[in-house]
Amino acid sequence: TSGRQIFQPLHTLRNAEKELLPGYHQFEWQPALKNVSSSWDVGIIDGLSGWTTFVEDVPADTISRRFRYDVALVSALKDLEEDIMEGLRERGLDDSICTSGFTVVVKESCDGMGGVSEKHGNGPAVPEKAVRFSFTIMSVSIRVEGEDDGITIFQEPKPNSELSCRPLCLMFVDESDHETLTAILGPVVAERKAMMESRLIISVGGLLRSFRFFFRGTGYDEKMVREMEGLEASGSTYVCTLCDSTRAEASQNMVLHSITRSHDENLERYEIWRKNPFSESADELRDRVKGVSAKPFMETLPTLDALHCDIGNATEFYKIFQDEIGEVYQRSNPSREERRRWRSTLDKQLRNKLKLKPVMRMNGNYARRLMTREAVEVVCELVPSEERREALKRLMDLYVQMKPVWRSTCPSRDCPDQLCRYSYNSQQFADLLSTTFKYRYDGKITNYLHKTLAHVPEIIERDGSIGAWASEGNESGNKLFRRFRKMNARQSKTFELED
């Protein structure tokens with residue numbers, strides 16, 4: 001807010017800055033990518049390019065800009081060139097013989113950003129919503145002759161920072177507008193598919209080396225996963241994007257579930273839904289395909305999004321606090337007036353004792369402050385019965401022990417004890433919910449609570465971490481996007497100090 005604009009328009013950038021943008025470094029693919037041009041000096045392109053329109057098609061009414069996926073990946077790798085060379089040296093590998101066998105693992109994130117309209121600007125009139133798609137290079141490893149396992153030579157130390165999260169595509173679209181979203185991301189999906197069947201040849205440290213890529217779409221919130229994978233929306237009876245459990249089953253058996261869903265299976269189920277080969281009724285058919293009722297569009301990796309898990313569970317605890325203040329366990333259906341009264345009592349208490357302002361929609365920071373032992377102490381001051389206070393404290397205590405396991409970037413290093421105890425803690429937690437708090441969990445449970453209790457150990461066993469694969473980097477990037485937009489669309493200096 002110094003009044004100096006630090007982000008310059010593209011044409012005024014110096015050469016040193018242009019090197020950091022996609023389209024600067026030369027590369028080739030072997031074999032050449034299917035349906036993707038072999039030119040490498042491609043900068044920002046129109047997000048609708050690569051989308052062929054037919055006469056009947058209504059052209060997508062949106063503004064969108066993106067980089068070509070392969071060009072952006074090359075730029076990201078060249079940015080890590082020094083780290084890669086350093087990694088080879090540290091592992092005692094002779095870089096002159098390490099020219100092939102490199103593997104790059106990429107995390108993909110995509111998130112809708114809500115309204116981004118001008119406060120008072122002179123930019124073009126655009127739809128009020130935006131979606132950002134970005135990727136993070138998580139690790140680079142190399143396979144050496146005679147070794148079975150790859151040796152990791154680069155690991156992203158801050159996988160959730162906006163600094164490691166590289167924007168690929170910005171679009172003014174509402175994330176619920178499935179048609180437009182898929183039209184714009186269609187070419188991205190096609191490029192990604194082509195790259196998986198080919199090797200990239202680029203110069204790193206003065207020698208040509210070949211890289212192959214693995215893409216893991218984990219930085220999506222549940223809404224986006226359901227949209228991309230063809231599942232019903234999050235209020236569905238099919239509560240989970242990882243297993244086939246229904247909400248009622250998940251509230252009966254809170255802990256024992258395993259991951260069964262996958263992109264390929266969703267595609268098969270969609271075909272069954274479309275063809276109805278056994279001529280079943282709508283209900284029978286829906287039960288057979290477990291709520292897959294649209295064509296899966298983009299492969300995501302079934303995981304749990306740590307940030308939204310935080311938020312979802314905090315929302316749930318907030319409601320439990322409210323119910324406990326009103327002693328709902330003793331009575332059935334209280335009126336809306338009563339509920340409102342408990343809620344304002346709770347808000348007042350949190351504001352006075354913890355400086356927590358009431359928020360419209362739960363956000364990450366509020367959730368992190370609410371899910372602490374001190375917050376539960378403060379709430380307990382409003383709970384009449386000693387027995388219920390103990391139960392609430394026990395519940396929070398278990399939660400606080402479980403949380404680092406799905407938040408930390410590397411749980412086996414950062415919180416090995418909590419990781420070992422996770423299954424036991426989640427079982428205790430579930431028992432408490434299904435007895436003391438039965439009034440809330442009779443036949444229903446929230447999506448993220450189910451995942452927290454049932455799926456965390458299995459995902460960690462598979463990926464080694466949940467926190468590292470979360471969508472936070474992309475979310476922080478959204479904040480930057482908003483800021484650039486306010487500054488770039490309005491080059492007058494008069495409003496610079498308003499925020």
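Note: Cβ is positioned from N, Cα and C throughout, glycine not excepted.
Note that the structure is a prediction, hence the values are computed from the model and not measured.
Feature list (source: TrEMBL):
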DOMAIN    1-27  domain 'V(D)J recombination-activating protein 1 DNA-binding'
DOMAIN    28-100  domain 'V(D)J recombination-activating protein 1 pre-RNase H'
DOMAIN    104-236  domain 'V(D)J recombination-activating protein 1 RNase H'
DOMAIN    238-300  domain 'V(D)J recombination-activating protein 1 ZnC2'
DOMAIN    302-464  domain 'V(D)J recombination-activating protein 1 ZnH2'
DOMAIN    472-499  domain 'V(D)J recombination-activating protein 1 C-terminal'
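In terms of DSSP secondary structure, the domain 'V(D)J recombination-activating protein 1 RNase H' (104-236) contains 26 helix, 58 strand, 49 coil. Averaged across the domain 'V(D)J recombination-activating protein 1 ZnH2' (302-464), the predicted model reaches a pLDDT of 94. Summarised by DSSP class, the composition of the domain 'V(D)J recombination-activating protein 1 ZnC2' (238-300) is 27 helix, 3 strand, 33 coil.
Across the domain 'V(D)J recombination-activating protein 1 pre-RNase H' (28-100), DSSP helix (H, G, I), strand (E, B) and coil residues number 21 helix, 10 strand, 42 coil.
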